[in-house]
Amino acid sequence: MSFRRFWGSKLIKSFCSVKTPNYSTQPQPIDSEKFNSLSKNKKKLVLKNSLHHSITLSQFSSFYSSQYGQDRWQNLFQSLQNPTRYCALVNKFTSPRQIQSFLSTTPNLEQVSFLDLPCYVSSERFKQPEKDENGILNYYLLDAASIMVVKAFDLNVNDVILDLCAAPGGKSLVILQYLLSSIIHNNNNFNMDYGGFLTANDPSPSRCRRLKQVITDYIPLSLQHHIKILSLDLTLSLPTYDKILVDAPCSAERHLLNSSEFSKWKPSRSKIMAQKQYKMLLDAVKGIHVGGLLVYVTCSINKYENEEVVKKILKNSWVPLEEVKRVWMIGEPCEKGWIILPDKCDGWGPLYFAILKRVGEGEFRKKEKRTFRRFNVDKNIEKDHEE
């Protein structure tokens, strides 16, 4: 097999290291001279890893085209490889002077129309956030879809909220923008002793450190009594919260496609993730008051980690739940929940969310074993093909 025929569209970043190359799904220029200068063993390693990457990419595309259809998948796949789009959330807790400085000095600002918080996009690269006289930064960059998720909560100023997987802290910061809005609107008197309470938890100590830094940088010290930061593998047993946000670990395909971890992807990854997400939800629903809301969130495009998990929790939950259905300004409905995909939402997303409401007390007992049957990703894919 010739070098040209073998490599065709193969993807490679480096020919110079004996380590496994970091592949990207973006085509890279082929430097045949550099390749030919490698030793025989290094050439074999490069070819082996490139072949493995090509097989993985083929499996990946086949897996997701079975869910979205070939035409839609081609467009979605291309959009997932584009850089993540960010908007600047103006921090209500910074000084008015710093807010005005940001608005007046950032070129080509345009407010995001589908959000009710002050969020802006720009055709220029955002500069570094600046601190006010109290050391509070003036804006935070995040995907606008993340703000939509918090908007789904319909937060009240006295709500008691749990952000179960809070790091790096963007959604917790958005929650606080809503939760403490009455304090901000009252002459910026940050010492008023009312308003809701947020528990922001992340079980990873390293990620929790990032979460703490975000809270320190964006929330005045005089308001931090409204926040508790934990780094625990929480187990919930009693109804404690009005609202719970479960931003579950997921396949995160947009990140995966642009990282060296892509070569480790397997179809079975979805099944493993879905089982973890389901167990997390099964525990989390016990912590909501009757009438309270849980918002389940992933940044996955995979229905087996999204609506299939929601369908399963609605069937097997310890407590009675119902889905709250709403229509949003961007995105599209799923069988259960809502998804924002970058190919049809001007680059925002991907982000899936479903709103679940606790409608009764329920019984904390394990249901019959037959109700806990695990769905088989591969069998479901076969059914999709048959249909």
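Note: Cβ is positioned from N, Cα and C throughout, glycine not excepted.
Just so you know, TrEMBL annotations are computer predictions that nobody has curated.
According to TrEMBL:
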- CYS299: active site, nucleophile (ACT_SITE)
- CYS165, ALA166, ALA167, PRO168, GLY169, GLY170, LYS171, ASP202, ASP247: S-adenosyl-L-methionine binding site (BINDING)
- 76-359: domain 'SAM-dependent MTase RsmB/NOP-type' (DOMAIN)
Determine the minimum-neighbour residue: among CYS165, ALA167, CYS299, listed as recorded positions, which Cβ has the fewest other Cβ atoms within 10 angstroms? CYS165
In chain order, residues whose C-beta lies under 8 angstroms from the C-beta of GLY169 (S-adenosyl-L-methionine binding site), counting only those at least six residues away in the same chain, are ALA200, ARG210, LEU211, GLN213, VAL214, ILE215
How many neighbouring Cβ atoms, not counting its own, are there within 10 Å of the Cβ of LYS171 (S-adenosyl-L-methionine binding site)? 22
In whole Å, could you give the widest CA to CA gap in the S-adenosyl-L-methionine site formed by CYS165, ALA166, ALA167, PRO168, GLY169, GLY170, LYS171, ASP202, ASP247? 13
Under 8 Å Cβ-Cβ from ASP247 (S-adenosyl-L-methionine binding site), six or more apart in the same chain: what's there? VAL149, ASP163, LEU164, CYS165, ALA166, LYS171, VAL297, THR298
Students should find that the Cα atoms of CYS299 (active site, nucleophile) and ALA167 (S-adenosyl-L-methionine binding site) sit apart, in Å rounded to an integer, by 14
Compute the average pLDDT of the predicted model within the domain 'SAM-dependent MTase RsmB/NOP-type' (76-359). 93
